[in-house]
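Record features (Swiss-Prot):
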COMPBIAS  17-27  compositional bias 'Low complexity'
COMPBIAS  28-40  compositional bias 'Pro residues'
COMPBIAS  78-88  compositional bias 'Polar residues'
COMPBIAS  98-113  compositional bias 'Low complexity'
COMPBIAS  878-890  compositional bias 'Low complexity'
COMPBIAS  913-924  compositional bias 'Basic and acidic residues'
INTRAMEM  439-459  intramembrane segment
INTRAMEM  625-645  intramembrane segment
REGION    1-144  region 'Disordered'
REGION    847-924  region 'Disordered'
MOTIF     151-154  motif 'Tyrosine-based sorting signal'
TOPO_DOM  1-207  topological domain 'Cytoplasmic'
TOPO_DOM  229-276  topological domain 'Lumenal'
TOPO_DOM  298-438  topological domain 'Cytoplasmic'
TOPO_DOM  460-526  topological domain 'Cytoplasmic'
TOPO_DOM  548-551  topological domain 'Lumenal'
TOPO_DOM  573-624  topological domain 'Cytoplasmic'
TOPO_DOM  646-924  topological domain 'Cytoplasmic'
TRANSMEM  208-228  transmembrane segment
TRANSMEM  277-297  transmembrane segment
TRANSMEM  527-547  transmembrane segment
TRANSMEM  552-572  transmembrane segment
Amino acid sequence: MVSRMGWGGRRRRLGRWGDLGPGSVPLLPMPLPPPPPPSCRGPGGGRISIFSLSPAPHTRSSPSSFSPPTAGPPCSVLQGTGASQSCHSALPIPATPPTQAQPAMTPASASPSWGSHSTPPLAPATPTPSQQCPQDSPGLRVGPLIPEQDYERLEDCDPEGSQDSPIHGEEQQPLLHVPEGLRGSWHHIQNLDSFFTKIYSYHQRNGFACILLEDVFQLGQFIFIVTFTTFLLRCVDYNVLFANQPSNHTRPGPFHSKVTLSDAILPSAQCAERIRSSPLLVLLLVLAAGFWLVQLLRSVCNLFSYWDIQVFYREALHIPPEELSSVPWAEVQSRLLALQRSGGLCVQPRPLTELDIHHRILRYTNYQVALANKGLLPARCPLPWGGSAAFLSRGLALNVDLLLFRGPFSLFRGGWELPHAYKRSDQRGALAARWGRTVLLLAALNLALSPLVLAWQVLHVFYSHVELLRREPGALGARGWSRLARLQLRHFNELPHELRARLARAYRPAAAFLRTAAPPAPLRTLLARQLVFFAGALFAALLVLTVYDEDVLAVEHVLTAMTALGVTATVARSFIPEEQCQGRAPQLLLQTALAHMHYLPEEPGPGGRDRAYRQMAQLLQYRAVSLLEELLSPLLTPLFLLFWFRPRALEIIDFFHHFTVDVAGVGDICSFALMDVKRHGHPQWLSAGQTEASLSQRAEDGKTELSLMRFSLAHPLWRPPGHSSKFLGHLWGRVQQDAAAWGATSARGPSTPGVLSNCTSPLPEAFLANLFVHPLLPPRDLSPTAPCPAAATASLLASISRIAQDPSSVSPGGTGGQKLAQLPELASAEMSLHVIYLHQLHQQQQQQEPWGEAAASILSRPCSSPSQPPSPDEEKPSWSSDGSSPASSPRQQWGTQKARNLFPGGFQVTTDTQKEPDRASCTD
């Protein structure tokens, strides 16, 4: 039944993106009459994979470790790198456990068990002592990628000895087992990334019916734009429409001078003749028809896949289409995990976790977030008056996606594995040159297609926004989150709906901050008031005349003048400060926005407010600016490809070389997506003493720490790895310590009881809204002896954490469903307080740096000891193999002072003056 999404019974076919890789998922086929059993090749002819059977690290399974094949249920045998064929044999369970790890098989009719079930793993292997990492969680296994590279990959970690990693250079074939009742519909899934992505997209797009209608309407909208534009160009007699010449009235009746629409429309034969007389128009129509057919085929294929996803939701997850809108994504994810734990869905030999699902859905998105964190995205253009302007239009983002991930000549080529050539440091120059030629080719293609794309952009904007502009002229003056904001403010492993919800909560305080913190411009305000007065007076006069006699509208350009005057008055009114925002403190508004944005575009110092305003204005920009960027995108995209991305080809290749890790069962992912504080933590974000990251390996702006904290709060059942778990424990211990210090000191004001007592509503959002009335951010004139304002936040954080851990205290008297529905709101409120608390500690440490490194280290850990020599990671070159000394990082070139020591033309070599300030050892 199902042969879509790369699924297809016993047919030998390649996956959607090519050969089967670590994401391929063979399903147990339907029982068939057993043909003559083919010879199942041993170690020399391909790895035998049964129920995701994988050999021990750096070893191969020998035929002697298996029992002789006997007649029984069919089993799936995978050979080579992905070609699959059926081998009808069975491996019985040994009667006596051997001394070595032996694979245990169950009959095909029974669902295999994993994790905590009684059935042992099929191919357990204990790693060598050099590969064991007792501090890491057994749920996260990361394999070595390139042993000779500068950036240390996360090694194979298998502390319990119950799992094994695939052989280096050999793909792992995880198995998807479906219960007996579903085997008629689910045969073979070859692309788990597409499978999980479509499961998420099906939920977010509200089911199959909405997806079908959305695709139909999009195809119909394309046809309408093309046909209606052609009709306006070739089928309308504008001389008759504008009454420049009399029309030929053929209808019977009295002659009248008014022109009707039918008089201006040409006959169909004449219209077709005028269309055929323009070869350019015919060529454009043919191209449009070809593009529409491609979109139609793509939509049909996707609809077949989504129909299968609907069957999976209904039969496997027990979520019918009519209940989909009332089921949150967290519930869908929990049912997926429960299905895998029960044996109904085995996509890998170890238990599936929330992080595995996010890694597959957000494989490429995490790379983009890391590129933005390292200053390679978005593209920036220097301004003549100083500073720079970021540019990331939809067209440029599509080109970047084609260059890096999904294009035919991209790095990933739409798959889950980075080619091995990019993992070798000796080919970086050749790969960078080849990628630079690809960028040049794509830029030339963009330049050739720019007239067509520009015409399409103009038509789409015209049809979409002109009516809105006439009805609501101030709509273009409204602000919205830019594409830059959605990239820079995004956490690692954050799904799109989570980002949208967070930015929606931050919109109102951020917009109010921009209105309040705008630099004073009395002359501009005075001119705007006068312009509003004169434009409004003229508009009022024309409006009164129109009401008195509607024939005034027949006067030439009267309606045009009224529209222009209304737009002018609305635009001028936007430059007048609102009176209700005059008395509000910008610091409180910025703090409220920070609680939901999680990243603060701010620099300490006397000019911090102006810089914060400019950077916030780039994140929350006017709609008119966004439309202008999209209109200019066809012309600017080739220039940015040539002058921004092509000169940075070597840096981008090095980025993927150093920040790609191979996770067993998942494939190649960005190392930042693991949220490993030890590898990518920053000492100024409470990870001092716990991170070994050099300057080039650190994630800027506390992205690793904040992403880890958000993910752990959003998924309470997820077990983080050892170093990340240690950081979370250290953070909570610091919160408890500061909360106890605040409660024990009676000299401080009772802000915590006041906030809690003033909040009359038990709902978390009401508590959080009441909390932001009190200033929590540290003052600008902080001194080393000033009282720590983070202690007040820690006290509040400890209080709300106790509420979150005790669901009975949420909405007392409410039903169980209401209490469960409020738990995500409590997690959001707790995350907001954690963000404020970490930013307070970070600002204190930044402002105390002039008084010495010792004072800065005290804020991040309770004790310190004499400094020790820098680690080898700091002495070796960061990312660079040529030993060159670059000038500065891309983030530093464009005015952002937080990021330092990166890579514009080679990569930064850590010198003595650039070593970490906090390298002292500390025992808790």
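Each Cβ is built from the backbone N, Cα and C atoms, and glycine gets one as well.
Per-residue pLDDT, averaged across the topological domain 'Cytoplasmic' (460-526), gives 89. Residues in the topological domain 'Cytoplasmic' (460-526) partition by DSSP class (helix H, G, I; strand E, B; coil) as 49 helix, 3 strand, 15 coil.
When the topological domain 'Cytoplasmic' (298-438) is classified with DSSP, helix, strand and coil residues number 87 helix, 8 strand, 46 coil. Outside the transmembrane segment (208-228), and at least 6 residues removed from its termini, the chain residues within Cβ reach (under 8 Å) are 202, 285, 288, 291-292, 295-296, 299, 302-303, 306-307, 309-310, 321, 456, 459-460, 463. Helix, strand and coil counts under DSSP for the topological domain 'Lumenal' (548-551) come to 3 helix, 0 strand, 1 coil.
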